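Working notes for the structure below.
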Amino acid sequence: MEYNEYEPEPQYVEDDDDEEITQEDAWAVISAYFEEKGLVRQQLDSFDEFIQNTMQEIVDESADIEIRPESQHNPGHQSDFAETIYKISFGQIYLSKPMMTESDGETATLFPKAARLRNLTYSAPLYVDVTKRVIKKGHDGEEVTETQDFTKVFIGKVPIMLRSSYCTLFQNSEKDLTELGECPYDQGGYFIINGSEKVLIAQEKMSTNHVYVFKKRQPNKYAYVGEVRSMAENQNRPPSTMFVRMLARASAKGGSSGQYIRCTLPYIRTEIPIIIVFRALGFVADKDILEHICYDFADTQMMELLRPSLEEAFVIQNQLVALDYIGKRGATVGVTKEKRIKYARDILQKEMLPHVGIGEHCETKKAYYFGYIIHRLLLCALGRRPEDDRDHYGNKRLDLAGPLLGGLFRMLFRKLTRDVRSYVQKCVDNGKEVNLQFAIKAKTITSGLKYSLATGNWGQANAAGTRAGVSQVLNRLTYASTLSHLRRLNSPIGREGKLAKPRQLHNSQWGMMCPAETPEGQACGLVKNLALMVYITVGSAAYPILEFLEEWGTENFEEISPSVIPQATKIFVNGMWVGVHRDPDMLVKTLRRLRRRVDVNTEVGVVRDIRLKELRIYTDYGRCSRPLFIVDNQKLLIKKRDIYALQQRESAEEDGWHHLVAKGFIEYIDTEEEETTMISMTISDLVQARLRPEEAYTENYTHCEIHPSLILGVCASIIPFPDHNQSPRNTYQSAMGKQAMGIYVTNYQFRMDTLAYVLYYPQKPLVTTRAMEHLHFRQLPAGINAIVAISCYSGYNQEDSVIMNQSSIDRGFFRSLFFRSYRDEEKKMGTLVKEDFGRPDRGSTMGMRHGSYDKLDDDGLAPPGTRVSGEDVIIGKTTPISQDEAQGQSSRYTRRDHSISLRHSETGMVDQVLLTTNADGLRFVKVRVRSVRIPQIGDKFSSRHGQKGTVGMTYTQEDMPWTIEGVTPDIIVNPHAIPSRMTIGQLIECIMGKVAAHMGKEGDATPFTDVTVDNISKALHKCGYQMRGFERMYNGHTGRPLTAMIFLGPTYYQRLKHMVDDKIHSRGRGPVQILTRQPAEGRSRDGGLRFGEMERDCMIAHGAAHFLKERLFDQSDAYRVHVCEVCGLIAIANLKKNSFECRGCKNKTDIVQVYIPYACKLLFQELMSMAIAPRMLTKHLKSAKGRQ
């Protein structure tokens, strides 16, 4: 559609079809989005791109393996051919659905459920066509080629992301999923490695091929630095960074050095003056060089800044000398001049700015681009434009599963080809037949990918440059915590650096990152979460754009003289300068029009920078973008009839979201393009701007937000009225919502998760937000609507504790189940010996625990329904003792115990036992123990507003206050929790909940809507209550009315996973560490409680010397040691024979016994091992005593 077709229409009554849409209609559009995309689309699309395109590209770009036999010199034997060349090349790759091979060699389709239960890896086999060519060159110069094709050679297994297009669950209906034992609400987006679910966390990085100019903080050698991290589009090398630096005015000697500009080149040790680089590229005359930097000779200020650099390079006046100057500073020293010049040429061609081109004739392009970097540096130095912002989100790219796995696969495939090469070379040299089946080690790729996904160390094992924590175990506490984990991203900045800048919320993150959801503490602001409607681009090829630009009048460098550049607009595609254009306005309009018609990929970003006279087009991967309504002429292009058509659809498949994008009602805008748009916040703002243009911000809105509440992420979208809370409270709730108990998946009965928490009676909240329906929070809730009173009652709810109604608890209020799984397998200990499940026999088994073995069946497993308590054995397992070992021990033992017992602090029921075989065909078992957790004093609860509290007291219903209607609260919260924390959202939620309960419908608490407290109060008054939610209550102990009115109503509360039963810990005597003989640490090891430095200081301040000695010495690690009085070192003591001596002093009499901490004795002996003698002198103490 053309832009000029729209005349301003006459003001008549609008037709029903052309009616404007309302904010309510926007939710139909949002529903269409989530129906089509789901919540982890960014993971799935990225992985699909890797499987469908990247892998084949990596195989294609690997060069053929070429092998020439090393000539064996056989004097009498004349060979038939002058030489033989072997060539091996890889072709098409094939990937099947995920398969598994049983230990007996049978293959079968693998389903995720089986992979989880049997600890298998959910991966698909990868095959590739290999061609082997043998070229034999005769003595007469003719060639004979034998070609042999191997089709579908197995080269490894690739882990498959669940719900991606190669997964067995892809596009299954709800019914099919349920039959496969999968949860229909599970979004996929993770891998299963050895039975555990792994997520790839998106990694943030600076964008490549982008010129940044930064001002250095003085004092510094440099005033300004321009940098570009250059990386060719389809290349597998690390980016080569080029710096162009302007030296600061005053040099170290105090003299003025002039502002020289120098640049770094890869593999060159020192910085090279820029003019020399230009001359080495073949631009010798000063005029030519300046034309490529300044473009406009009338700009005297800029020319002046370049004068020192020209003078510095005055000595070098032709290309060869310049190349030699560079070559001399290269890595190799002492080669001939020709070699040096060739080396410098190669570096300039292949290593400097590789994204501009690494071919033969890129000198002009390179010179222009290099000049552009300097031009930007000078603009900044002259103060004509500000320095770049490192933290701007347009300058960031996200590495998702696709690029991460791509880099890994590329590395492993290279390794594979190297191995093939060395194997074939060996075969050829020894005159063996080349068998490709043996040459290709499939284990390289299989175990490489598996290792990285399993450990999270990205890169080879123990190599430098590996990133840790890229892959993490999927958090399965609550459904919301799972979703949030799949949408998380990480900035690889050291957590130690106390830099505030990268952690702060940047304006450009609006709508891309959630402003509330980030952890507290050292990772604050570095770990972020995606907002709800973000889409991360997967990247598309740049060549359609380049062709389009060529057709639409872009002039490239060969066609123009540098003097036209200041008038024209520079055009960049993915950071590469491709030319200039005289009519950028038309070009941008055309590009956008094509993008809205989907003739150009919808994820292409078009940025027109008017001040810099640049047009930047991006097609690369990893940019954050989000959908917006398109506005034309202050009207939305989407009309009521389109919404109506959307609501009338029969099924989700037919024209939904993608249809709206294709029709040009909605487009994706990335962070950088967002800077060039004018976005209206709500649809009503747009209407206001049309009705009262004089009051409007602008006459030309270009886009409109679909809904402002979509700037929040998964966890913050669950908070009601977050716009009425102080911001840190929303951050706290985002963290706590991930620890709430609910139902984390619907198939939890069939899963054997290590830890699982399930609430008995979860309820959907009375007060909801519109985003919840897309997060499935109503189907899988994590909390209960409790009747909450805000009041002081008895004083047992001080300091963030709450009083709970014991009668409600007895009725099942907040009761929950806790599952823990134990696993064990029969490992092979060599060829014949293997472990065995079975009930150990006290007579013949050594090393048996002191726990009870009675709960075990004959197969060595506790049957389901058995009640077990601390240290009961639940899996019995023994290994045979080898003969030579048995000789030393008493001969009656034939086996050794390797059983697994319940954790000593837990009790419960055996819930389920799974006995199966793992990938190696060995038997292995998982036992799930279930325990019921009833709320008790000390358990932690929280509302949805970051108001966490522990239970301080439980009162029965008779002791709780009650209203005239006979309502008693379930929870009483202290009023002091409200004023300083300013969580007004909780109060509004409470009265809204009261109205909702009365009218029997959900209250809407979506942020940034026009719901006001007054409206809710009026509705509450209509229901016959005091309008602000206060009620008259009666004291439960005395029955007299309480003097104050009490604020009471339903509030949604969450039970958090921190329970007192899991934390309670005390110890008298117990286990000690072997090395220091001090008490062990931690509840799991039954450890002691540390009396730390601060406690010690308090005791010193009190002057409680005896208590201090008791804590730090008698109760910790008292140790008796014998000391020689002569030298003060530890003496030899034999208490059985009652003989003592110090051999160094030949002293057997003057020996005293002292008590010191064992840790101190250890330190002394460690010092002795370093030839330092700490002497414990007791003599003068003794003499001092004698004098008294």
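Just so you know, glycine gets a Cβ as well, placed from its N, Cα and C.
The model shown is predicted, which means the values in this text are computed figures rather than measured ones.
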Remark   = Candidate ranges 172-191, 852-871, 1052-1071; Swiss-Prot annotation region 'Disordered' resolves to 852-871
Ask   = From 266-287, 310-331, 1124-1145, 1146-1167, which range did Swiss-Prot mark with zinc finger?
value = 1124-1145
Remark   = Its residues classified by DSSP, the region 'Disordered' (852-871) shows 0 helix, 3 strand, 17 coil
Request  = Would you count the other CB atoms within 10 A of the CB of Cys1124 (Zn(2+) binding site), including those on all shown protein chains?
outcome  = 24
Request  = Select one residue from Cys1127, Cys1142, Cys1145: among these binding-site residues, choose the one with the most other Cβ atoms within 10 Å of its Cβ.
outcome  = Cys1142
Under 8 Å by Cβ from Asp800 (Mg(2+) binding site), counting only residues of that chain that are 6 or more apart = Gln947, Lys948, Gly949, Thr950, Asn974, Ala977
Message = I want the residues beyond Cys1124, Cys1127, Cys1142, Cys1145 whose C-beta is within 8 angstroms of the mean position of the Zn(2+) site's C-beta atoms, in chain order.
response = Glu1125, Val1126, Gly1128, Leu1129, Ala1131, Arg1143, Gly1144, Asn1147, Asp1150, Ile1151
Counts by DSSP class (helix H/G/I, strand E/B, coil) across the zinc finger (1124-1145) = 0 helix, 9 strand, 13 coil
